[in-house]
Amino acid sequence: MGARNSVLRGKKADELEKIRLRPSGKKKYRLKHIVWAANELDKFGLAESLLESKEGCQKILTVLDPLVPTGSENLKSLFNTVCVIWCLHAEEKVKDTEEAKKLVQRHLGAETGTAEKMPSTSRPTAPPSGRGRNFPVQQTGGGNYIHVPLSPRTLNAWVKLVEDKKFGAEVVPGFQALSEGCTPYDINQMLNCVGDHQAAMQIIREIINDEAADWDAQHPIPGPLPAGQLRDPRGSDIAGTTSTVEEQIQWMYRPQNPVPVGNIYRRWIQIGLQKCVRMYNPTNILDVKQGPKEPFQSYVDRFYKSLRAEQTDPAVKNWMTQTLLIQNANPDCKLVLKGLGMNPTLEEMLTACQGVGGPGQKARLMAEALKEALTPPPIPFAAAQQRKVIRCWNCGKEGHSARQCRAPRRQGCWKCGKTGHVMAKCPERQAGFLRDGSMGKEAPQLPRGPSSSGADTNSTPSRSSSGSIGKIYAAGERAEGAEGETIQRGDGRLTAPRAGKSTSQRGDRGLAAPQFSLWKRPVVTAYIEVQPVEVLLDTGADDSIVAGIQLGDNYVPKIVGGIGGFINTKEIKNIEIKVLNKRVRATIMTGDTPINIFGRNILTALGMSLNLPIAKIEPIKVTLKPGKDGPRLRQWPLTKEKIEALREICEKMEKEGQLEEAPPTNPYNTPTFAIKKKDKNKWRMLIDFRELNRVTQDFTEIQLGIPHPAGLAKKKRITVLDVGDAYFSIPLHEDFRQYTAFTLPSVNNAEPGKRYIYKVLPQGWKGSPAIFQHTMRQVLEPFRKANPDVILIQYMDDILIASDRTGLEHDKVVLQLKELLNGLGFSTPDEKFQKDPPLQWMGYELWPTKWKLQKLQLPQKEIWTVNDIQKLVGVLNWAAQIYPGIKTKHLCRLIKGKMTLTEEVQWTELAEAELEENKIILSQEQEGYYYQEEKELEATIQKNQDNQWTYKIHQEEKILKVGKYAKIKNTHTNGVRLLAQVVQKIGKEALVIWGRIPKFHLPVERETWEQWWDNYWQVTWIPEWDFVSTPPLVRLTFNLVGDPIPGAETFYTDGSCNRQSKEGKARYVTDRGRDKVRVLERTTNQQAELEAFAMTLTDSGPKVNIIVDSQYVMGIVVGQPTESESRIVNQIIEDMIKKEAVYVAWVPAHKGIGGNQEVDHLVSQGIRQVLFLERIEPAQEEHEKYHSNMKELTHKFGIPQLVARQIVNTCAQCQQKGEAIHGQVNAEIGVWQMDCTHLEGKIIIVAVHVASGFIEAEVIPQESGRQTALFLLKLASRWPITHLHTDNGSNFTSQEVKMVAWWIGIEQSFGVPYNPQSQGVVEAMNHHLKNQISRIREQANTIETIVLMAVHCMNFKRRGGIGDMTPAERLINMITTEQEIQFLQRKNSNFKNFQVYYREGRDQLWKGPGELLWKGDGAVIVKVGADIKVIPRRKAKIIRDYGGRQELDSSHLEGAREEDGEVA
């Protein structure tokens, strides 16, 4: 304090208190300002004692001078204070701060001999010679530059700043001041001084790495440089990691192309510091709002504290102060602030708002409210006889207009007080039409229905109310059970408040008052002195006139004028009128009027007003993915023509409210460009939203496919309309708009680019389809409920309406839909409105009784590319839905393999023939028909050449649609398997389009199908069907028998191949002593096995037994293929067709064929009989009791598979049907599938562990959510379960099951019924469980007991699959293995990041480092190179590996201790 007290003494201190802070202000300097300035000097490494003299102040000003233009408010205040102290020391008389600054400027300018002003905006990085100031780089007299290290005072000031402010807003300008002119070496020295705050330092490092990478990408390395030439800096050079101080100085001050590496590096650090400031000060300036009762001064303090953390230009901060400070104030203060006029000073705002919210203001408000309440209400139309009182819109006072007002002009709208529009365009001044009573906060956004009195307020009594708009909402109310009328809530959904509530009770939720649309006259029925009259509600008429009624002789003659001229009327007063369930007494005239009208005198008495509800669709909140930021991509160059086109498009969109100008604080940008539309006359604007799509949250497509005309029910009338600018009618959430910013550049950079952001859904953004689909579903939902007899098909912006109504009624419902859409802000362009057939819709042409494809045009090319073929195939696939016989197999083969889109394609003869055949098919026009629910749906399948299939789905003789199938999933296949795939495709397609399965006509005999299906059934969904007699086109070609053929020769085959030389051998031996070997070249193991099998077929008789050890060969043969892409398999097929009977079996790797010993000694029939005869009988008893499978018998009794298979096959209850073909399912250890099945009138709930096949099942009393939840809880208490997959039955989707799953931590997923990829495992297990129950049913009385017995058999008596284990063994083994893996990983992770230095024997030198494998109590195990050593703990030093930067001794390990400087 001594130095601070000695700064100014006596007379100087008195003079200080006479100097004003501002020229026009009243506040003056005090000694507290000197104390504050002394504290601030320490941040810049300057001594407080410098303030005691004129020369010291001059030194301070020299340091602060270059920082003023970009400094904070604190820095500028410090500079001003030092200027005042300098003037006092120089005995210069000044009145205020501004005079002091000007005086200091003149004196210091004269001393330095320059005209440089004090607060200069820019200065060179290195000063001229002789003016070194505080710069680390200084110029010598010879013109060279030398480096002066940073002083300890500067580093200390930096560290103290970080410690005091904890990365507050002051850190960034402080860093700018202290690092002025520094090299990267000096900046790194400053960063290294910060010991704590390592999280912030890591953020800065990541920013440096990112910026360095961007620098390297934008500045590629040039070619070889001449000798002696200085290289250009890389990103790591700028960061100071790969460059020296001398190189940095040369880059900064070289004459040719200098690179300011210091300033660049400072900018990188500033970006990192700004990110840290935002992290440590998370409050956004936009979120700082004044509380309802918060004093204005406290709000201003919070505002400016947050404003300091915003690192933006001074102009932007000034804009924030002028707009946000007032905009975010509470309503009371905002009202006061707007009365201060344009751009009030902060002092004026603080003074004006000083008493706002206090008792005084509340008393004034209450007095005004009481005064208004005591004022009698005006008599209707009495004001028309008096002079109207003029009220000023600007100041609110009476007696003058806004033009004559002398008060400061209010900023923004004079109606609502908001900026951005004038009062004439204020949305709050808009009105809806004829609303009964006063409005709430939100106007109803949809047309209303009939009034509560029963009269249709929207139509004349003679017209049917069934077609009125009110029907939409009447039906919606009945569906929801509501009693009131539908209104639009703020969140965009529809609610139905109770009709019984009064207007005053509804408050801000809006009123369900009578509403009249303007597409026809608002005519109602009124009762005038009990006489019913139809009258027109006319807000443009002053008086009310009716004709044709008698109201007595007490009248006054009157002549009134109107559009048709003057008419004579009789004016009668005090007439009772009942209209819209309200009674009033008013004056009415009778006379010869062309139409009865109620004018404003009656409408006012009824409380009606003219309103225009502004339809608002609430935007859906959208966010970025966690941890992601918006796109910051530069705009690429565009041609002048495209720039002008984009400017015109953007100006039009801005006028229509679809775009708005982006503020200067928006840091995001996405490139934009333009392309010509199809007509080549207009341009289309495109935005490259790929980066924004990558960081935006994920969405779910609500509409998963395109509607098909064959699925439409047959209707008499069809209308198609289009929603114009569909995406641009849906608002984008305000918080997300900033990320859609884009820039329109100018030619030659003649002006700054104009930046826009989207206010609506942008084209090309991934969220637009999902949000649009969701919004349209909500908008159309009440219309669908109100018109259940009308078909409404909506796909994106195309809408189809079909009905059996009369022409007038159909047109009326279409008009209602258009009005509904128009009322919500959607446009329905007349040019795309289609009423008369043919109607163009989704690529189809529609008539009331049939549909066609729009005209197809196959491309004609001289030279075909891959892209051309793709387009051609796409057109043909589109045509295949109605043109039968379309083929594309050979066309697709033209582009098979890896080819570029522009690569030229060479046509084959087959492809040319296929194309010509398709052209002939397309030349004959085809028609499709609509679906009739009462008729049966049929599907007929036909096989074409080359395994291409055609099918048609029809009702009687009328074809709904056709299709083709040519996808061959296996290299070796047969017609029956392909037929099953075709049936499956048709079944899925029919479920999607019609919701039902057709009756199939299959070109196969029942016996052929059942023979293949019994031996090759699949765990996939195949719909049920009835066989219809058709010409059999599909048949199996060779006879595989299930049992060995007695008396036939038995062949044992094998093949092998050397992987390096690709040489192999195929061989066989027989039980009769024959053998054969064939040497193969350039082959594989699988090909050698097939060659051996083919040799066997060639050399064997008409009946043969073949034993193979290859599952590959076995799988091909038992699939009974009819054709294949493999030469050797086609040869096998041809040879097997010639055989009378073939028995094929598989045994695992009989080594005798491999050359070790003769195969006939290993697998001869005699050995099999002698070795296992005594074990066959116990195996048969075991099977009769438990019905164990073949693998279990083989494992438990050691009998051969052939014997075990025979035991199972001879059992009447266990007829084998082959092995299942399993698809790919999630087989993690915690995944279970659950389903309910029915047997003997009981409900059985089944749960299957997917990976092991372990089953849990029991009988439950009812298929409810509670019983399912109890079973799930019981299951989870026994076994680990993390994922449960079920179908979407009501019991599985119930709240009880969801609550149990949430409590246990189970992830739930649901599949679609009949989908083969959904719950195939549990569906198959239901089948197995029922079969097992049928085998042992007689062993128990109740179904509850037999279910548990069957579960025991399936879990413990059924062996096979992976590891040849039972499901119970497999599940326990999986759980044990998982625990062991976790234990080992946990142990290994303890040693993963440690290295060991060690000593061996008497050698005192430390060796290593080695990798730590294990740490025991007395020794450690170390891996050194390929050797593993055991080292005593006392001779080992364990060190954590920190990537070569830091080391920790073993004291950081648990149980470590130090002895004599060594780690034990």
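Residue positions begin at 1 at the first shown residue.
Just so it is clear, glycine is given a Cβ too, placed from its N, Cα and C backbone atoms.
Values in this document were obtained by computation on a predicted structure and should not be read as measured data.
These come from Swiss-Prot:
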{"type": "LIPID", "residues": "GLY2", "note": "N-myristoyl glycine"}
{"type": "MOTIF", "residues": "16-22", "note": "motif 'Nuclear export signal'"}
{"type": "SITE", "residues": "GLY223, PRO224", "note": "site 'Cis/trans isomerization of proline peptide bond'"}
{"type": "COMPBIAS", "residues": "459-468", "note": "compositional bias 'Low complexity'"}
{"type": "DOMAIN", "residues": "533-602", "note": "domain 'Peptidase A2'"}
{"type": "ACT_SITE", "residues": "ASP538", "note": "active site, for protease activity"}
{"type": "DOMAIN", "residues": "656-846", "note": "domain 'Reverse transcriptase'"}
{"type": "BINDING", "residues": "ASP722, ASP797, ASP798", "note": "Mg(2+) 1 binding site"}
{"type": "MOTIF", "residues": "1009-1025", "note": "motif 'Tryptophan repeat motif'"}
{"type": "DOMAIN", "residues": "1045-1168", "note": "domain 'RNase H type-1'"}
{"type": "BINDING", "residues": "HIS1183, HIS1187, CYS1211, CYS1214", "note": "Zn(2+) binding site"}
{"type": "DOMAIN", "residues": "1224-1375", "note": "domain 'Integrase catalytic'"}
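Here the features listed in Swiss-Prot are placed on the structure.
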residue : record                                                 : Cβ within 10 Å
GLY223  : site 'Cis/trans isomerization of proline peptide bond' : 4
PRO224  : site 'Cis/trans isomerization of proline peptide bond' : 6
ASP538  : active site, for protease activity                     : 20
ASP722  : Mg(2+) 1 binding site                                  : 18
ASP797  : Mg(2+) 1 binding site                                  : 18
ASP798  : Mg(2+) 1 binding site                                  : 18
HIS1183 : Zn(2+) binding site                                    : 24
HIS1187 : Zn(2+) binding site                                    : 22
CYS1211 : Zn(2+) binding site                                    : 15
Cα of HIS1187 (Zn(2+) binding site) to Cα of ASP722 (Mg(2+) 1 binding site), in Å and rounded, measures 66
Please work out the helix, strand and coil residue numbers for the domain 'RNase H type-1' (1045-1168) from the DSSP assignment. 46 helix, 35 strand, 43 coil
Helix, strand or coil for ASP798 (Mg(2+) 1 binding site)? Use DSSP. strand
Rank aside, I only need the closest one: which of the recorded positions GLY223, PRO224, HIS1183, CYS1211 has its C-alpha nearest to that of ASP798 (Mg(2+) 1 binding site)? GLY223
Write out, in the order they occur in the sequence, the residues of the chain not among ASP722, ASP797, ASP798 that have a C-beta within 8 Å of the mean position of the C-beta atoms of the recorded Mg(2+) 1 site. LEU721, VAL723, ALA726, TYR795, MET796, ILE799, LYS832
About how far apart, in whole Å, are the alpha carbons (Cα) of ASP797 (Mg(2+) 1 binding site) and the residue listed as 'active site, for protease activity'? 37
Considering Cα atoms only, can you say which of GLY223, PRO224, ASP538, ASP722 is the nearest neighbour of CYS1211 (Zn(2+) binding site) among these recorded positions? ASP722
Proximal residue to PRO224 (site 'Cis/trans isomerization of proline peptide bond') among recorded positions ASP538, ASP722, HIS1183 (C-alpha distance): ASP722
Check the Cα-Cα distances from ASP538 (active site, for protease activity) to the recorded positions GLY223, ASP722, HIS1183 and tell me which is shortest. ASP722
Rounded to a whole number of Å, the separation of the Cα atoms of GLY223 (site 'Cis/trans isomerization of proline peptide bond') and HIS1183 (Zn(2+) binding site) comes to 82
Model confidence for the domain 'Integrase catalytic' (1224-1375), as mean pLDDT, reads 85
Whole-number answer please: how many Å between the C-alpha atoms of HIS1183 (Zn(2+) binding site) and ASP722 (Mg(2+) 1 binding site)? 69
According to DSSP, which kind of secondary structure is HIS1187 (Zn(2+) binding site) found in, if we only use helix, strand and coil? coil
May I have the DSSP-based helix, strand and coil counts for the residues of the motif 'Nuclear export signal' (16-22)? 1 helix, 1 strand, 5 coil
